[in-house]
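> Dropping the structure in here first, questions after.
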Amino acid sequence: MYRAGVTLLVVAVVSFGRWDSVTVATTIRVGWWYEPQVKMAYIYEHNDTNLTIFCNTTAYDSPFLASGMMIVLPHRTQFLTRKVNYSEDMENIKQNYTHQLTHMLTGEPGTYVNGSVTCWGSNGTFGAGTFIVRSMVNKTAGNTNTFIHFVEDSELVENPAYFRRSDHRAFMIVILTQVVFVVFIINASFIWSWTFRRHKR
């Protein structure tokens, strides 16, 4: 029994290392593990009082898509809106999903300047983007037009810690699930072979 226990431990450790690399490869190749793509835009009009946020999230070949947006200000964090779509048979049916989320916030002039907006999507892994709201007041005399601003990749900042932790946690859950499955198979095989040998005697 002692020998079997040592063997099991070694195999489990090796399997963990193997699944670590295999899981990374799988997340790159399996269709619904591609993280959702997030595109964002906003309008900050009427002397920086009305902030309208646009968030488009797209997931390809996925069993579901859950999207949402939030804003972080110096003294509060506010979840703004969310949306979920999924196929009737998530195990076998994969679809392409696009969510177009829009939300308008109204406050005192300058309330949302320098606030950070995060839009995200999840189809089994996270795709998220965060940008900083900038003033859109046009100082030119007589020019009152405010245009939509499409957020470029160069304007993205680091996502809130929640999303970084969630990405790591989801990845580790996949790895640990694989390890538990491998250990279960090894145990089952050992028990079966030991029982078979005992009956054979």
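Just so you know, glycine gets a Cβ as well, placed from its N, Cα and C.
As listed in Swiss-Prot for this protein:
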SIGNAL    1-25  signal peptide
TOPO_DOM  26-170  topological domain 'Extracellular'
CARBOHYD  N47  N-linked glycosylation site
CARBOHYD  N50  N-linked glycosylation site
CARBOHYD  N56  N-linked glycosylation site
CARBOHYD  N85  N-linked glycosylation site
CARBOHYD  N96  N-linked glycosylation site
CARBOHYD  N114  N-linked glycosylation site
CARBOHYD  N123  N-linked glycosylation site
CARBOHYD  N138  N-linked glycosylation site
TRANSMEM  171-191  transmembrane segment
TOPO_DOM  192-201  topological domain 'Cytoplasmic'
> Can you give the mean pLDDT for the topological domain 'Extracellular' (26-170), rounded to a whole number?
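Looking only at the topological domain 'Extracellular' (26-170), pLDDT averages out to 84.
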> Using the alpha carbons only, what distance in Å do you get between N85 (N-linked glycosylation site) and N123 (N-linked glycosylation site) once rounded?
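With the alpha carbons as reference points, the distance is 10 Å.
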> Quick one: Cα separation, N47 (N-linked glycosylation site) versus N138 (N-linked glycosylation site), in Å?
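It is 9 Å, counting Cα to Cα.
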> List only the single closest residue to N138 (N-linked glycosylation site), chosen from the glycosylation sites N50, N56, N96, N114 by CA-CA distance.
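If we rank N50, N56, N96, N114 by Cα distance to N138 (N-linked glycosylation site), first place goes to N50.
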> Where the distance is taken from Cα to Cα, which of the glycosylation sites N50, N56, N114, N123 turns out closest to N96 (N-linked glycosylation site)?
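Nearest candidate: N123.
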> Spatially, and counting Cα to Cα, which of the glycosylation sites is closest to N123 (N-linked glycosylation site)? Options: N50, N56, N114.
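Closest by Cα distance to N123 (N-linked glycosylation site) among the glycosylation sites N50, N56, N114: N56.
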> Got a sec? Which of these glycosylation sites, N47, N56, has the most Cβ atoms within 10 Å?
N56
